[in-house]
């Protein structure tokens, strides 16, 4: 996972350095401000819309849109898995040819990016289809075994509108594969981020604190303790980061002096913010206090990261500033409102867990029976 905010305008050793090893002319203040502001805006969009879509996702019954629930055990293991993955990529880039590794990764993310972008634009594109559009339904089903031992491997439902979105996304995919253009990279990066915030659900606030706390240590160690994360971020030619050129005003769309923001700095705080939105809705007070508080905390934390990075001219572990802000601000609000117990006792069940489904069905049956008895008494 890449989760460092990098500022490459301060020398040729950075990703934005000149290809021939000579130092670039310093970026203009206007170009730097435009790059930072654009990265901040691009980070906010998938968090805001992904959180809204996560509410619908949690209520949905479509198997293809079912969220993946992160438990406390998953959260505790995640920093270890991420560290092993990051170190493995670093060693791969040191041992093997960077060109061939990036070729394989490009093909992999080409497929993933098309699917993610298609899923992202599908709700927006549905508004543009005419009412008489022949929208046929399809189902992709792969099973293993037979009879009572039959097990579903893939069960994906889609329609003709989804196929149109897939075709449009494929155009962006081919553009990215052939040109590696920063706009195509960002379209895929935004799609990955929005899908992550929408489909990855924390089961409770404590799990979110464990995940953010663990990745806080992970981020600080790999950015300040070693050069591993920054090296991987610059060597890894894949849409795992958002980039924006600081020389856009001078070179236009062909600019190549980039500032970058890892997707981990968007998705990890984003799934915590989305959880707080669903917690807000569970309170049934018609307010989104914790969502807006955590959203404002994210803006503050990322803005502080950019400020510190600009002052010290060194890549910063953004989670160093985002984690205290995104956890601390909502907890302070909960303390002021006397809702700390409610916040930390809020629990979301895993919709993929058969036990949870059975329990939900049982509760629904009991509720229906209760209503039936009330009608008979009346």
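Positions of Cβ are set from backbone N, Cα and C atoms, glycine also.
Checking TrEMBL for transmembrane segment across the ranges 199-224, 225-250 points to 199-224. Range with TrEMBL annotation transmembrane segment, chosen from 178-197, 258-277, 338-357, is 258-277. Of all ranges given (56-74, 75-93), TrEMBL attaches the label transmembrane segment to 75-93. Looking up the ranges 147-165, 318-336 in TrEMBL, the one annotated as transmembrane segment turns out to be 318-336. Contact check: the transmembrane segment (75-93) against the transmembrane segment (318-336) gives fewer than three Cβ pairs closer than 8 Å, residues 6 or more apart, which falls short of the contact criterion. Comparison of 33-55, 100-121, 289-312, 318-336 by number of C-beta pairs under 8 angstroms to the transmembrane segment (199-224) places 318-336 first.
Here the transmembrane segment (100-121) has long-range neighbours at 92-93, 162, 165-166, 168-170, 172-173, 176-177, 180, 187-188, 190-192, 194-195, 235-240, meaning same-chain residues at least 6 beyond its ends whose C-beta is under 8 angstroms from one of its own. Beyond its flanks by at least six residues, the transmembrane segment (318-336) meets 3-5, 208-209, 212-213, 215-216, 218-220, 261-262, 264-265, 268-269, 272-273, 276, 289-290, 293-294, 296-298, 300-302, 304-305, 308, 342-343 of its own chain at Cβ-Cβ distances under 8 Å.
Packing against the transmembrane segment (289-312) from elsewhere in the chain are residues 5-7, 32, 36, 39-40, 43-44, 47-48, 51, 265, 269, 272-273, 276-277, 279-280, 318, 320-326, 328-330, 333-334, 337, 343: each is 6 or more residues past its ends and has a CB under 8 Å from a CB in it.
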